[in-house]
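Student: Take a look at this one; I'll ask things after.
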Ligand SMILES: Nc1ncnc2c1ncn2[C@@H]1O[C@H](COP(=O)(O)OP(=O)(O)OP(=O)(O)O)[C@@H](O)[C@H]1O
Ligand SMILES: O=C(O)C1=C[C@@H](O)[C@@H](O)[C@H](O)C1
Ligand SMILES: [Mg+2]
C-alpha cells in the first residue's frame with residue numbers, strides 16, 4: 001500500500017497527534033495541512049480568517065490538500081476539510097480516508113486543555129462544548145461519507161494507531 005492516508009475528524013480528534021505516530025509506524029512521511037498553510041503563508045488560521053474570511057481559508061485549504069498529498073504519506077487534515085465536496089472526492093479517489101471519531105465532550109475537554117487560539121479561532125462564537133456539539137451535528141454525515149475507515153478516537157494514541165494498522169490490514173471497501 002503506497003497511496004496517501006488522510007486523517008479526518010473534528011478539532012481535537014487527534015488527527016495531528018495520531019497521524020504523526022501512524023506515519024512513524026508505517027515508515028511514511030507525515031504532513032499536516034494546517035502546518036503547511038502556516039509555513040507557506042506565514043499566517044495563522046486566525047490571521048487568514050481575519051483578512052480573507054473562512055471562505056479564503058477554505059480555498060487555501062483545498063490547495064494545501066492537493067499540494068501535501070503524495071504516495072507513502074500520512075496527511076493530517078484540518079477539521080473542516082470535509083466541508084468541500086471537492087476535497088471529499090479527492091481524498092476518497094486518491095487515498096485511504098480515516099475518520100477519528102469522538103463525542104463532543106471529549107473533543108471540548110482536549111481543546112480546553114490545549115486551545116491554540118491562533119490555529120483554532122472560534123467557528124460559532126459559542127462556548128466550546130456547544131461549539132463542538134454544533135460542529136458534529138453539521139459535519140458527522142460528511143465525515144462518515146468521506147471515510148473508508150471509522151476509528152474510535154477516545155482511546156489512547158498508541159491504541160488508536162494499533163486499531164488503524166489492524167483496519168488497514170483488512171480489505172477496505174471502496
Ligand atoms: N487519543 C488521544 N487521547 C488523549 N488526548 C489526545 C488524543 N489525541 C489528541 N489528544 C490531545 O488533544 C489535543 C488536540 O490534538 P490534535 O492537535 O492532534 O487534534 P487535531 O485533530 O489535529 O485538531 P485540529 O483539527 O485543530 O488540527 C492535543 O493536546 C493532543 O495532545
Ligand atoms: O474544524 C475546523 O473548521 C478547523 C479545524 C482546524 O484544524 C483548522 O483547520 C481551522 O482552525 C478550522
Ligand atoms: Mg491538527
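Our numbering is plain: 1 for the first residue shown, then up by one each step along the chain.
Glycine is treated like the rest: Cβ placed from N, Cα and C.
Whatever TrEMBL says is automated annotation, not expert-curated.
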Student: Which residue range, 97-111, 112-126, 127-141, 142-156, is the one TrEMBL calls region 'LID domain'?
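Tutor: Result: 112-126 is the stretch TrEMBL calls region 'LID domain'.
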Student: To which of 12, 79, 95 does TrEMBL also attribute binding of substrate at the site defined by 34, 58, 139?
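Tutor: That substrate site, as TrEMBL gives it, pairs 34, 58, 139 with 79.
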Student: Given the binding-site residues 15, 58, 120, and counting only Cβ atoms in the protein chains shown, which has the most within 10 Å of its Cβ?
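Tutor: The largest 10 Å Cβ neighbour count belongs to 15.
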Student: Using DSSP, what's the helix, strand and coil tally for the region 'LID domain' (112-126)?
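Tutor: The region 'LID domain' (112-126) comes out at 2 helix, 0 strand, 13 coil.
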Student: List the binding-site residues among 32, 34, 58, 79 whose C-alpha is within 10 Å of the C-alpha of residue 15 (ATP binding site), in sequence order, or say none.
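Tutor: Candidates kept after distance check: 32, 79.
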Student: When you rank 32, 34, 58, 79, 139 by Cα distance to residue 155 (ATP binding site), which of the binding-site residues ends up on top as the closest?
Tutor: 79
